[in-house]
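As annotated by TrEMBL, domain 'Dynein heavy chain region D6 P-loop' applies to 10-99. Here TrEMBL flags 131-267 as domain 'Dynein heavy chain AAA lid'. Annotation comment: TrEMBL describes 273-568 as domain 'Dynein heavy chain C-terminal'. Feature annotation from TrEMBL assigns coiled coil to 299-326.
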């Protein structure tokens, strides 16, 4: 390359790291540099959002009449979301932009993780074998936790900002611990990496369990005996030099697939389907909203809306008369209390639906002025999405409006049947509740009352039956039969009564009816069990309901890595 003939002494090179009130220093540096033909480097401008318009003006002012060698270099971290894009357009338009794209796939990520080190790093520890093995395992772990995010909630419940610092600090900790102790302190290392270095970012208990499980699989005494697999078909390499490790990744790492993460290939189908659905929804929302498409008798948007309004209002029943229902009941059992709570919540929701639809109807007839709320409702109905004011009063759901409304009517029917005589249905539809936790708690409360057991010493036992809801004519003497759950990440084998691998393309197979009863906590059998989280929707995370222990012949860690969960709706 051509030499620029620059001498980099401090005189003609100004490096300003922004934040902590460095804006004034930056402005002085820019003024001086523009006059003298120096270079200015402004780092981390994302930290000084308010100052950016002044910077834009300053650069504009110096764009004419300044020294021909004057240059400005600006760096900023990527914004976490589009609404955090704060760099003024003027600066962006007048600059040459260079971005550092994060690599995708395990192959690129593993190379990139290893790139943080060199041959000197590999030679710095006196316990070379142990140090290199754990360092390579950490690189794989680092690449894996970052890249697992692409699988959505089945990958991680929430998204975390894992970064290179987590890896380099972990390797420093590893070095210090190995130098200081005579045998490898596996437990301490796993704790430091999983609970502090990486775990420090993690806010969800199930994600913490996942992180811990990976480390238990990767960092253990067997790693030095040459029989540890980081993924199916990818053994932990033996002692090599730095370039040897890079070469090993190229030669030995299997092609990109969910198997590299301990996930089933279905995880990829689910994630790709959701991505494409999102894309189609955005395209739909970008369509022009022309109301008078009267050409050739095409139904106008207004007519479509009116038909939908009438249909919905017609199908919604009257609200539950709670006073009347209460008068029917002598004994307010825990189940009856849950039924009342559900009726109250349902009344609030259906009340809002009726109110907003009637209001919009009057707006469309021209009897009321259209407000922004009515506009939003109209758009939601037209785009087949659930309106905001209904979502606020409802339960988590990922369904489109048509499916959501049909589901709402089914929920109302279930409640009507239950409050007809307040006897527990033979099989309870757990997903039909606003608050499924309250029903599960009621199972424990009623058993505790009957047997005079203390509530805090109890737990729920889940026996998966071999039958479907139609096969049950009456509820059990104690506890409840629940139906309508689905498994994601694996499937239930009804014949052998254990969790087993999914079939390809069956993303969320239905579970048989589950018999749930309360037992004293010290009586529960936890051997060969996978503690399986139950969520309301595929978004997981905050929709967590309960944990059901499910039987497994394989190591439960397999199901943890596969992101296996039960879902109340799909």
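Cβ coordinates come from backbone N, Cα and C, glycine included.
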(message) Can you work out which residues elsewhere in the same chain, 6+ from the ends of the coiled coil (299-326), have a Cβ less than 8 Å from its Cβ atoms?
(response) 289-293, 340, 343-344, 346-347, 350-351, 353-354, 357-358, 360-361, 364, 378, 381-382, 405, 409, 412, 415-416, 419
(message) Need one number: mean pLDDT over the domain 'Dynein heavy chain region D6 P-loop' (10-99).
(response) 85
(message) Please list the DSSP helix, strand and coil residue counts for the domain 'Dynein heavy chain region D6 P-loop' (10-99).
(response) 42 helix, 14 strand, 34 coil
